[in-house]
Amino acid sequence: MDAINARRFGSRRFPALGAGLGRVLLPRLLQAGLVAWLVGTLTFVLTRTLPGDMAYRIAAGRYGHDMVDGAAAEAVRTELALDQPALLAYLSWLGDLLRLDLGRSLVSGAPVIEELGHLLGHSLGLAAVALLLSLLLGPPLGLAAGLRPGGALDRVSEAVASLLRALPPFALGLLLILLFSVSLGWLPAAGHGRSAHFVLPALTLALALAAVSSRVARHAMVEVSGSAYYAFSRTKGLGERLSFLRHGLRNVALPIVAYLGVQFVTLIEGVVVVETLFAWPGIGHALVHAIVARDLPMIQGTALLMGLLFVALNTGVDLFCHGLDPRRRQP
Amino acid sequence: MPSPRRLLAGLALATTLISPPLLAESRPLAVVAPWEITGSDPATSGYIFGRMGIAETLVEVDAEGRLTPGLASDWVVDGAGLSWRFELRDGVVFHDGTPLTAEAAADSLRHAWAKPGMLDSAPITAIEVDGDAVVISLEAPFAPLPALLTHSTTQILAPAAYADGGRVEAMIATGPYRLTELAPPQRLSAERFADYWDAAPAIEAVSYLAVGRGETRALMAESGDADIVFTLDPASRGRLARDEGLALHAEPLPRTIVLKVNAGHPFLAEEAARRALSQAIDRRGIAAGLLRDPEAAAPELFPASLGPWHLGLDGEAGGDPTSARASLEALGWQANDRGVLERDGTPFRLTLTTFADRPELPLVATALQDQWRELGIDLEVAVSNASAIPSGHRDGSLELGLAARNYGLVPDPLGTVLEDFGGDPAQPGGDWGAMHWSDAEVSAWLDTLRQDADPELGEELAGRVAARLNRAMPVIPVAWYQQTAAVNAELEGFSIDPLERSYRLEALTWTQ
């Protein structure tokens with residue numbers, strides 16, 4: 001890799017890929033620990049302070065609203081020791097967390113870690129397909145638009161992007177179902193299990209993501225193509241294609257990749273809505289249900305996972321930028 | 001470059017060539033409903049396994065709501081009413097191939113008894129095996145016991161279904177459909193069980209998908225992704241009705257929106273006052289305007305599906321603030337200069353507690369607030385948590401509570417009625433029923449109903465209890481829930497079970 005870099009970018013050697021990696025990873029590791037503790041503590045405090053009797057909520061989550069009465073609530077309270085002091089419950093949770101034990105769901109009785117594993121697979125699958133789709137749609141369109149700023153493509157793509165970004169994912173999803181399932185009958189409206197089920201929820205998420213990434217790519221392209229080094233590459237006789245590949249692509253990629261980090265928030269947020277709309281059994285869906293049922297271990301586990309996922313994804317973005325941008329590897 | 005239309009035509013042709021033509025019998029049936037699957041345990045998700053024809057109970061219910069033999073072929077009670085003997089049906093096998101034995105049935109019932117569920121309400125002392133029968137011993141006579149054994153929490157599972165401590169590991173039951181895939185919280189699939197003891201269903205494979213959003217469910221019915229969709233949101237119903245490929249069904253459920261009244265409160269202690277409040281409610285208006293179904297108006301507590309408990313009152317009645325005001329005036333209430341009723345200088349001001357878990361309840365509460373304002377009652381609506389009503393019942397602070405109560409958990413509502421209106425004479429009523437209200441005659445009738453299994457007497461007493469409750473209004477009925485379904489027009493034999501025990505899949509056939 002270094003040899004290739006050296007050949008392509010001139011004679012000066014770039015710092016090795018591993019250089020300065022510790023500076024990226026160490027703070028992130030600390031951050032992960034802090035996020036785990038903060039998220040867990042916050043969910044604990046918030047769930048405890050939610051109005052209403054937890055025992056009734058959990059009983060309703062387990063046995064259904066029609067079966068809830070004082071006796072069922074008392075049975076739940078005794079079984080789960082809900083009347084123990086909050087501090088004691090908190091400390092025992094913290095102890096379990098240190099032993100990497102997330103406990104059992106209060107509703108289903110299954111270990112939280114097992115449930116999360118199952119749910120996370122579904123969510124990550126959906127998010128990955130959505131991200132891939134958005135990368136195929138957004139940046140190429142943005143680059144094409146950025147090469148001719150103010151052109152027809154640029155203006156049309158800006159209008160479409162604004163419209164898509166303004167539509168809440170819920171409405172966008174409904175429109176897609178109406179178009180592709182009800183009117184055209186090409187795709188299943190909701191559900192999961194077959195690959196065709198991926199298309200509509202992933203597209204709903206991807207369109208919102210692509211709307212933003214196409215604009216970011218467009219602005220980056222405009223900036224790069226207007227820069228002195230880009231102009232120089234043309235002056236020294238490189239064709240449009242070669243200039244773009246050698247001097248444009250890597251520079252344009254940086255803001256797009258860096259912006260991905262921000263987009264993950266949209267993705268994680270969107271997953272909650274989209275999963276509910278498309279009956280997708282993922283982690284966002286589970287979080288909503290766990291909160292309704294006051295399933296504390298499940299809320300903590302889900303929120304923890306989402307928090308850590310966010311840190312992990314951002315670390316991934318950092319590492320990718322670290323690889324792309326040799327300046328970051330300078331000692 | 002072929003035109004898009006030709007490309008599409010080619011694609012369509014290709015898919016028809018690739019996929020083999022489906023025979024009517026092997027065409028799978030997709031059911032979509034809002035209820036999520038919690039796990040394999042009948043205590044939590046048994047109702048879904050029961051509805052899908054996967055698991056069965058000792059006692060079943062026919063279309064008229066009468067008890068019929070299920071996995072038990074016959075049952076008798078001894079003279080004292082303390083020992084019930086359920087003979088098991090011969091030749092029943094579980095989905096894992098093991099035979100149904102009395103030990104297995106008794107084990108399942110003991111597991112169910114240990115968890116919160118229907119068996120709680122019966123004074124059971126032991127569940128034992130005697131030959132080919134399960135014997136249930138009671139502390140006191142309890143006539144509705146067979147009705148309790150129709151409830152999904154008492155489903156009979158194979159011994160291999162249970163892990164240590166009674167946790168259900170796998171759903172291995174006896175129904176016409178055998179579970180092939182369970183993916184909680186949303187999906188399950190099942191296929192026809194070849195060794196089923198009764199007639200085999202016509203449709204070979206069925207699936208269930210839990211879809212929380214009403215809009216999505218309606219769209220799935222329209223797009224043909226689902227063959228049967230339960231619980232349609234009012235906004236989509238009109239659109240679905242115009243779809244020629246769908247048939248719409250509706251059926252009132254024995255779940256009633258009720259106003260729980262604190263009869264110990266000085267304003268609400270008189271029977272005439274409670275009746276006046278009831279008289280002022282425009283049930284038709286609430287049913288048509290908020291629940292989008294005028295048939296949902298509930299002039300009485302129990303709908304027609306509960307047989308002898310149903311009085312057959314006129315749904316048009318009510319919504320008469322003038323006579324209601326006259327009744328209140330007779331009790332000494334006079335309107336003050338702000339139009340609020342007053343008695344001895346105290347204004348008629350009450351707080352109505354409700355909760356948002358059922359989204360229609362706060363809406364109905366505000367409608368009541370508005371309708372009673374015309375009467376001169378200053379009603380404050382407190383939208384709280386579902387637990388606020390039972391806890392307000394216990395500490396006596398509740399004035400009025402608006403909730404939904406299911407009287408049809410089992411075909412005989414007696415268990416629920418006992419819980420709500422019977423019980424300890426010193427502390428009558430229940431969390432979701434009467435509060436500070438008791439009636440010696442109602443208690444005596446309920447006692448007889450509990451002890452005596454004579455059906456004719458039972459029907460007469462049920463009618464008497466219902467009539468007295470309707471006159472004394474310890475709880476005021478407002479509306480009944482409706483179950484609605486959109487069904488593929490190519491399906492034949494569909495009907496809604498008002499007790500929601502079964503989707504009646506075994507009665508369905510594809511017409512093409």
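Cβ coordinates come from backbone N, Cα and C, glycine included.
Among the features that TrEMBL reports, domain 'ABC transmembrane type-1' is placed at A:120-321.
The annotation transmembrane segment is assigned in TrEMBL to A:21-46 (among others).
Feature annotation from TrEMBL assigns transmembrane segment to A:124-145 (among others).
The feature transmembrane segment is assigned by TrEMBL to A:166-189 (among others).
According to TrEMBL, the feature transmembrane segment maps to A:195-212 (among others).
Within the chain carrying the transmembrane segment (A:252-278), a Cβ under 8 angstroms from the stretch's Cβ atoms is held by residues 123, 126-127, 130-131, 134, 139, 143, 146, 168-170, 173-174, 189-192, 197, 200-201, 204-205, 208-209, 212-213, 216-217, 219-221, 224, 284-285, 287-288, 306, 309-310, 313-314, 317-318, 320-321, 324-325, all 6 or more beyond its ends. What TrEMBL records for A:252-278 (among others) is transmembrane segment.
Taken from TrEMBL, the feature transmembrane segment covers A:298-321 (among others). Long-range contacts of the transmembrane segment (A:298-321) within the same chain: residues 21, 24-25, 28, 31-32, 35-36, 38-40, 42-44, 47, 93, 102-103, 105-107, 112-113, 115-116, 119-120, 254, 257-258, 260-261, 264-265, 268, 283, 286-287, 290-291, 328, each at least 6 residues beyond the stretch ends and with a Cβ under 8 Å from a Cβ of the stretch.
Here the listed stretches are A:21-46, A:124-145, A:166-189, and the one with the most C-beta pairs under 8 angstroms to the transmembrane segment (A:195-212) is A:124-145. Counting only same-chain residues 6+ beyond the ends of the transmembrane segment (A:21-46), those with a CB under 8 A from a CB of the stretch are 89-90, 93-94, 97, 296, 299-300, 303-304, 306-308, 310-312, 314-315, 318-319, 322.
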